[in-house]
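These notes concern the structure reproduced below.
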Amino acid sequence: MQGPLSGYLIEKFDERKVAIAGSVIAGIGLTSSAFVTSVPALILTYGIISGVGCGLAFMPGSVAVAKYFTNHRHLALAIASSGGGIGSFAFPPFIQMLNEYYTWRGMFLILGGITLNICVFGLILRPLAKVSPKKNQQKSKNNKLQQSFDRKNLKTKMMNEERIRFLDRHSYLKIVSFYVLMANSFMYQFGASIILGHLQAYAVYHLGFTTQNAAILYTISGVMVLVFKLLHGVFANISHVQIFRPIYQYIFFYAIGGIATIFLTFDSQYGVYFSSAIFGMSYAACGGSLIPAIVIDISGVESFGVAYGIVLLCLSIGQLVGAPIAGKRGFCFYLDNRRMSGKGHRQEIIMLSLTAI
């Protein structure tokens, strides 16, 4: 939910400073969690402080990649976003091992140290110089003179930028399509969070899965997310083929997300395996290169940070409220093996299908 703030800070400062600041805040939060003695204190250190830090550190990488690449931007974004899929495989067993060997306090200390390594990667995010082509040709000849000129005019330039109206700098806020994308993002994550939050309980208590077999469903989805994040970028990079445009892929894969949910209503173990795979294909569309590509088309690269942050905020709100609302409205079939209300499934199908429309 720190997307808009992170985007604004990136626009105000640069990707490197925001990434380092986020890493330090997250590291402090995780390290402090090792010394807490109560649940409210843990909520503060782990839930809020480290959450804010991780939220700030997440955005700079995506924004930097979008600025660094022009010809193969979609593919670059896909490769960068696939790292999150690799982390989802590697870190759960690693964290479990740390907890077993060093207890939860030692685990938080080690995780805090690992998180501080984002500072090192943040140093690699070199801000791009905004130089016109004519100046760029002469840069090798009068580099020192140019740097001196930039320093003298930096203060004047910043003052001029502050005078520009907000809506002029963020003209995408005047475009209806941007608000449609915001609503779409909320609706998709609302439906997807129901699956993510309740799939294992559905498999165990309604279909008779063991806990280990039910966990495989998330692994299947995770593999498909990783693979299709890369494939989305590869396809989007084929710009001369119309059907591979990011917006068309976005519509198609969101649509099959609704179709995948229908298979959960068949009360079949094979159906839930198939649904998990198809859902992973769909879920890759909201966390890979497609949404950034669409946002760039609407806002442009220079305003990408704040615009993408707003979309991420809508995604996070949908993910936050979807599963609890579904549970309250009747998706708690796992509390009673003898009944299955289906209200949650209907909410998933409606939300995921409407996103494609």
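Each position is counted from 1, following the chain as shown.
Cβ coordinates come from backbone N, Cα and C, glycine included.
Some features that TrEMBL has for this protein:
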type     : residues : note
DOMAIN   : 1-357    : domain 'Major facilitator superfamily (MFS) profile'
TRANSMEM : 18-37    : transmembrane segment
TRANSMEM : 43-63    : transmembrane segment
TRANSMEM : 75-95    : transmembrane segment
TRANSMEM : 107-129  : transmembrane segment
TRANSMEM : 172-195  : transmembrane segment
TRANSMEM : 215-235  : transmembrane segment
TRANSMEM : 247-266  : transmembrane segment
TRANSMEM : 272-294  : transmembrane segment
TRANSMEM : 306-326  : transmembrane segment
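For the domain 'Major facilitator superfamily (MFS) profile' (1-357), the model's average pLDDT works out to 77. Here the transmembrane segment (272-294) has Cβ contacts under 8 Å with residues 62, 66, 73-75, 77-78, 81-82, 84, 181, 185, 188-189, 192, 195, 199, 202-203, 207, 217-218, 220-229, 232-233, 236, 246-247, 249-250, 253-254, 256-257, 259-261, 263-264, 304, 308, 311, 315, 352 of the same chain, all six or more residues outside its ends. Outside the transmembrane segment (18-37) by six or more residues, the chain places 6, 9-10, 45-46, 48-61, 104-109, 111-113, 115-119, 121-123, 125 with a CB less than 8 A from a CB of the stretch. Outside the transmembrane segment (43-63), and at least 6 residues removed from its termini, the chain residues within Cβ reach (under 8 Å) are 1-3, 5-7, 9-10, 15-16, 18-19, 21-30, 32-33, 36, 77, 80-81, 108, 115, 118, 121-122, 125, 292, 304-305, 308-309, 312. Contact count against the transmembrane segment (215-235) (Cβ pairs under 8 Å) is highest for 75-95, out of 75-95, 107-129, 247-266, 306-326.
Sequence-distant contacts of the transmembrane segment (306-326), counting only residues of its own chain at least 6 positions beyond either end whose CB sits under 8 Å from a CB of the stretch, comprise 1-8, 11, 59, 62-63, 170, 172, 178, 181-183, 185-194, 196-198, 286, 291-292, 295, 298-299, 343-344, 347-348, 351.
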